[in-house]
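What Swiss-Prot says about this protein:
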- GLY165, ARG166, SER167, SER190, ILE231: NADP(+) binding site (BINDING)
Amino acid sequence: MEAKVLNGKELSTKIKEELKIEVEDLKKNNINPGLAVIIVGNDPASRVYVNSKKKACAEIGIESFEYALEENTTQEELIELIHKLNKDDKVSGILVQLPLPKHIDEEKVIYAIDPSKDVDAFHPVNVGKLMIGNPDFLPCTPAGVMELIKESGIDITGKECVVVGRSNIVGKPMAMLLLAQNGTVTVCHSRTQNIDEVCKRADILVVAVGKPEFIKGSSIKPGAVVIDVGINRLENKKLVGDVEYESASRVASAITPVPGGVGPMTIAMLMKNTVKAAKLQAKMK
């Protein structure tokens, strides 16, 4: 059987269209969502991501403010800019494009963002709220994955869910969101023994390790839903995920493609968080 393709591009377009209508309504009530995007240095991949975030803002009607800083910007200068944006009423959400240059401490920079404007949901306050099951914002990639799982039609309750990868950005919050939906969750990582056997138990498999085609079809339970968060460029310039698509799609019941799966959903969820931030801030005034 051929797996159902979970098309993140189509789903993200639908979400953005709904947000566009919501933003039009908010503007009638004088609530104008705005997203400040900070990029330090000129990493080409970061530039691509920033451009797609700005494009999504334009499609929805969210005002975007870009701050492109030189590679040699100091940590103090960056934090000073963040403090300024924290106080700026035109800015509902602040996003610092990662990775940052080596001389800047990412943790300190994330801590500087006002939690009510932290639309990436990386601040410890937002991480803590997620842990106790009362989040204001959901981390964008895991939230996008949850929407794709919903699209697959599988009910998470009681299912074996395996997350491969334990990063703060994807793996850990992913496990929390699956747990919140009553999944039975196992997290695997580089030190996990018999990783293939663990993956084979999964009804829902989410892979986010940054290793090209790391999980093969032979490690997948027949009929599983497979979500591939990875995006890796091979030497021949081809983009592939962390799952070997060809072999996996013959075993899974549903699978995300790379590109066009999780990536567009991450951006749609960022937009959703920015709109929510604008609404929460309007209530606080």
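These residue numbers are counts, starting from 1, taken along the chain as shown.
A Cβ is built for glycine as well, from the same backbone N, Cα and C atoms used for every other residue.
Distribution of Swiss-Prot features across the structure.
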residue: GLY165; record: NADP(+) binding site; DSSP class: coil
residue: SER190; record: NADP(+) binding site; DSSP class: coil
residue: ILE231; record: NADP(+) binding site; DSSP class: coil
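Long-range neighbours of SER167 (NADP(+) binding site) (same chain, six or more residues apart, CB within less than 8 Å of its CB): ALA208. Residues GLY165, ARG166, SER167, SER190, ILE231 are the ones the record ties to NADP(+), and the longest Cα gap between any two of them is 18 Å. Other C-beta atoms found within 10 angstroms of the C-beta of SER190 (NADP(+) binding site) number 10, with every protein chain shown included.
Neighbour count (other Cβ atoms within 10 Å of the Cβ, all protein chains): 24 for GLY165 (NADP(+) binding site). There are 17 other CB atoms within 10 A of the CB of ILE231 (NADP(+) binding site), with all protein chains counted.
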